[in-house]
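Q: Got a structure here, written out as structure tokens. Questions coming.
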Amino acid sequence: MRAPVAVVILAAGKGTRMRSAQPKVLQPLAGRPLLAHVLDTALALGPEQVHVVYGHGGDQVAAAHADYPVYWVEQPRQLGTGHAVACALPQIPDDHRVLVLYGDVPLVTPETLKPLLAGDGLELLAARVPDPTGYGRIIRDDDGAVVAIVEEKDADPEQRRVDEVNTGLLAASAGDLRRWMAALSADNAQGEYYLTDAVAAARADGTPVRARFTSEAGEASGINDLVQLAEVEEAFQRRWARRLLQGGLRLVAPHRFTLRGAVRHGTDCAVDADCTLEGEVQLGHGVQVGQGVILRDCVIEDGAQVGPYTVVEQAHIGAGCRVGPFAHLRPGTVLEEGARVGNFVETKAARLGPGAKANHLTYVGDAEVGARANLGAGTITCNYDGAEKHRTQIGEDAFIGSGSQLVAPVQVGARATIGAGTTLTSDAPADALTVGRSRARTIPGWQHPGLTGRRGPPDDNDATPASGGAKEE
């Protein structure tokens, strides 16, 4: 039977090299704080307890993760990783297996960590890297047993050539860690209490020490600056792109796909290059997403098409709908089956019924559009009076002529026609034509100033130029 597990996440670092006012663990990875990714990994292991050791910006860090069931432990002075773990140990029973993670190592997976929990001694997570600069080296004896971890600043030239490095992640019993942490010394180049010195302490009391390797190259990469953050972001995105491809979502250009949340999808879906999916995104069967699209917290049903460079946020697109290109569906938009929203159309808190169309250059806000209604190019629902929003209701099979303004609150009846250029300020009845525009007037002989340098029709008896000045003699 597995011992109960307590996870300790070290998140006290200030992150000076980030050049940011935010604590390092709040830096975003795929749209979420670094620490959130580590917490998700920790909770996936089913621990009895999760402890986060914080320091710089602790209030910010805790507030950003208030929904997580964790214990917050302050490290008042940053005296090293060993000291940080020691701060959390008083709350952990001796019989618990303690897994130590880092808030700036977000790529490690639960599958990699489970073997550390299955051991009965001190289990280390190691990696082989082509350039070990900056890492602590794992030193073995002639029999291959782990004898020490030597930090970069304390390593001699021979030790620095070792390419087997310590990732910093380890597991041991709480009772053992408590004993080892009490014996730590800060007699080193940094003047800190190193957690890695637990190796020597474990060997001294006969506790087995094992080093297990990561299952994926770069999985335990830490983040100290924006360059490394960008590298980890790229690795994260490539990992998810590969998983989505394996799960049946076609990504036309996987290296140009960004996920900042989660996506569920049906069969035969395709996502073109340069698309970004944020929050919770659900794609039905056969959904086609064009290049440069941004999808945020939305549902797109079977057979719908989203054209290039469209933004869809907190919206619901029904089956068989066509949207875009260059459309913007804002929060509260619902398109029912077969509706169409075309290029340079913006919607907000609007419902378009089955088969309704707004194909060009239109704004539909706070509106209910009936089935098969057609909104001509340049139609605007004037929903805001400077203080409050008002709704527009358009009946089924209504036709709104191009360039019309519907001043809410207003209703257009079923099968009504609104003449092009109308400014509608009162309800339009069903089965009727409503026109609200001035008649066109023709002025014979008019020539625009670009042709004549003057306005109005030519007149030999006109003594006053168009500019209003005196006539030249």
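From the backbone N, Cα and C atoms, a Cβ is placed for every residue, glycine too.
Owing to the predicted nature of the structure, the values given are computational and were not obtained by experimental measurement.
Sharing the record's features from Swiss-Prot:
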ACT_SITE  H360  active site, proton acceptor
BINDING   10-13, K24, Q75, 80-81, 102-104, G136, E151, N166, N224, R330, K348, Y363, N374  UDP-N-acetyl-alpha-D-glucosamine binding site
BINDING   D104, N224  Mg(2+) binding site
BINDING   A377, N383, Y384, S402, A420, R437  acetyl-CoA binding site
REGION    1-226  region 'Pyrophosphorylase'
REGION    227-247  region 'Linker'
REGION    248-473  region 'N-acetyltransferase'
REGION    439-473  region 'Disordered'
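Have a look at these and tell me how they're positioned relative to everything else.
A: Cβ environment of H360 (active site, proton acceptor): G342, N343, F344, V345, G376, A377, G378 lie under 8 Å away, each six or more residues apart in the same chain.
With a cut-off of 8 Å between CB atoms and residues at least 6 apart in sequence, the same chain places E313, Q314, A315, E346, T347, K348, A349 near R330 (UDP-N-acetyl-alpha-D-glucosamine binding site), listed in sequence order.
Of all Cβ atoms in the protein chains displayed, 15 besides its own lie within 10 Å of the Cβ of N224 (Mg(2+) binding site). For the recorded site, N224 (Mg(2+) binding site), the DSSP three-state label reads coil.
There are 18 other CB atoms within 10 A of the CB of A377 (acetyl-CoA binding site), with all protein chains counted. Secondary structure at A377 (acetyl-CoA binding site), as computed by DSSP, is coil.
Here the region 'Linker' (227-247) returns a mean pLDDT of 97 for the predicted model.
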Q: Between N224 (Mg(2+) binding site) and R437 (acetyl-CoA binding site), how far is it from one CA atom to the other, in Å?
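A: One finds 64 Å between the Cα atoms of these residues.
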Q: Binding-site residues L10, G13, E151, N383, S402, A420: which have a Cα within 10 Å of D104 (Mg(2+) binding site)?
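A: So the list is L10, G13.
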Q: Rounded to the nearest Å, what's the C-alpha distance separating N383 (acetyl-CoA binding site) and N374 (UDP-N-acetyl-alpha-D-glucosamine binding site)? Just drop the number here, would you?
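A: Taking the Cα atoms only, N383 (acetyl-CoA binding site) lies 19 Å from N374 (UDP-N-acetyl-alpha-D-glucosamine binding site).
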Q: Max Cα distance spanning A377, N383, Y384, S402, A420, R437 (acetyl-CoA binders), Å?
A: 22
Q: Y384 (acetyl-CoA binding site): which of the binding-site residues L10, G80, E151, N374 is the nearest Cα neighbour?
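A: For Y384 (acetyl-CoA binding site), the spatially nearest of the binding-site residues is N374.
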Q: In whole Å, note down how far the CA of S402 (acetyl-CoA binding site) lies from the CA of N374 (UDP-N-acetyl-alpha-D-glucosamine binding site).
A: 10
Q: By CA distance, which of the binding-site residues (L10, G13, G103, E151) lies nearest to A420 (acetyl-CoA binding site)?
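A: When the Cα distances are compared, G103 comes out closest.
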Q: About how far apart, in whole Å, are the alpha carbons (Cα) of L10 (UDP-N-acetyl-alpha-D-glucosamine binding site) and S402 (acetyl-CoA binding site)?
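A: Distance (Cα to Cα, whole Å): 61 Å.
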